[in-house]
Amino acid sequence: MIKIFTALFFGSLNVISFSPYNFWPASIISIFGLLIITTNCKNLINSAKLGFLWGIGNFFNEIYWIYISINKFFGINLFFSIIIILLLSSYLSLYPTIFVILTKFFFPKINFFLFCVGAPSAWMISEILRSKILTGFPWLEIGYSQINGPLKGLAPIIGVSGISYILIIISGMCVLSFYKKSYYPIIFIIFIITLTYPLNFFKWYSVKEKSTKIALIQGNISQHTYIDNNQIQKNLEQYLKITKKIINSSNIIIWPESAIPCDEISCRNFLLKIDKELKLKKSYLITGIISLKKSNYYNSIITLGGNSPYLDNSKNKYYKYNLVPFGEKLPLKSILNPIFNKLGLSLIDLKKGDFFQNQLKIFDFNIVPSICYEIIFGDRIRKNVKINTDFLLTISNDSWFGDSIGPWQHFNMARMRALETGKNLLRASNNGITAIIGPNGELKSKLPQFVNDFLLEEVFSTMGVTPYVKFGNIPLLFFSIICFIISFFIKIKLIFLKN
């Protein structure tokens, strides 16, 4: 029983390493606890169970706030909302369980190799699986804890997954020091931090002379109001009012996801009208909207204004690729659809865009866009960044989750994308956090949550491609796979020798 509560406790501890708490050492302590309780357990099955319980403590505390949207907007009572969160947490807990099984089976001996190579390689593989299987859900990899920590300088080189790799090594060295009663592993940790900390002051980019005035509008429209068809005109007027106030002082105006609460066809007259006004002022508007293409609906980003006339089939458009499971896309549709129909739940089923898409072209600026939680898929973002990319853009609607910690977690993961790519990131969110993030991941300016306001800044383009944009996770993933292939053959050899 003590081991069960210990596993849950250490898993729960991890959440305070992320925003809004930002106590980054908590992730090291949390992983230290996971490694201690599983390496101290000689039975593989029992170790896997403890890994699963650590995952429950970790993921339930990290994503509990999803119940707000399930309860308030889908009409599911609180009890069943919590059950759904537990089921999702249980699914996500399979990945730390895989991590424990891999380390226990392939690296049974408690030594330097286990904690410096075996455990971090196993973690890398389990996290890659979490980001790929089904729709993928790489929410809060432990590397995100370092956005304000001493290892953040590694992000432009090895990305958030690489930082996670290093954190597993550091936690592992703490465990090794505990078991061996030796200070040498601690010296190794000091060596790692001493070696990597100066990277925090190194710039992988240079600032161009090219800049533009950008305005980000935060409408702060409640989700209840947004889904009310009688409020559509009022919501649009709210955004128009602020837009007219700043149109003379900004070149690019950005509205968030769901700013236009109707599809592109239904709002065509409104779009043509505002497009005309923008052209007179020689400004651009970038906004989220639902688009219809070949009988399929897409969550998309469109551009208005500029030199070309507005067309609903314009190529200067973006279609969301990573759709939110259950919110925008029903996974395992053939199995789950009949169940949801019996429960009387009608879910949206959008079509996803292509993995690779053109950058948005605004004046002579090239912008890599993303919508909502797509910003957590760092590998896809970096694959769409080109040598001529000027900015990253993400638009979101976090009003589904109220004043919980969810929007803050989301915001800090966006900061990591700016740091990994060396690009300014523009973030417009319906109710916050609307902000401009610098190419070093630092906050340039932001609006408070839950206000109806705008952010107006001159933003400079940056030049340069970081090592992470070039190579991604490939070097570390390749190394991890090679480690397991070698370990597998060693394991087979030992079995034969034993027999």
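Start at 1 and count along the chain as shown; that gives each residue its number.
Here the Cβ of each residue, glycine as well, is placed from N, Cα and C on the backbone.
Here is what Swiss-Prot records for this protein:
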ACT_SITE  GLU257  active site, proton acceptor
ACT_SITE  LYS320  active site
ACT_SITE  CYS372  active site, nucleophile
DOMAIN    217-461  domain 'CN hydrolase'
TRANSMEM  18-38  transmembrane segment
TRANSMEM  50-70  transmembrane segment
TRANSMEM  82-102  transmembrane segment
TRANSMEM  105-125  transmembrane segment
TRANSMEM  156-176  transmembrane segment
TRANSMEM  182-202  transmembrane segment
TRANSMEM  476-496  transmembrane segment
Inter-residue C-alpha distance, LYS320 (active site) and GLU257 (active site, proton acceptor) (nearest angstrom):
11
Distant-in-sequence Cβ neighbours of the residue listed as 'active site, nucleophile', under 8 Å, six or more positions away:
GLU257, ASN299, LYS320, VAL324, THR394, ILE395, SER396, ASN397
In terms of Cβ proximity under 8 Å, which residues at least six beyond the ends of the transmembrane segment (476-496) contact it?
102, 105-107, 117-118, 120-122, 124-125, 128, 158, 161-162, 165
Taking contact to mean three or more C-beta pairs under 8 angstroms, with sequence separation of 6 or more, is the transmembrane segment (18-38) in contact with the transmembrane segment (156-176)?
yes
Just checking, which of GLU257, LYS320 (active-site residues) has the fewest C-beta atoms within 10 Å of its C-beta?
GLU257
Taking the transmembrane segment (82-102) as the first stretch and the transmembrane segment (50-70) as the second, find out whether 3 or more Cβ pairs fall under 8 Å, excluding pairs closer than 6 in sequence.
yes
What does DSSP say about GLU257 (active site, proton acceptor): helix, strand or coil?
coil
According to DSSP, folded down to helix, strand and coil, what is CYS372 (active site, nucleophile)?
helix
Positions on the same chain near the transmembrane segment (182-202), where near means CB under 8 A and six or more residues out:
112, 115, 150-154, 157, 166, 169-170, 173-174, 176
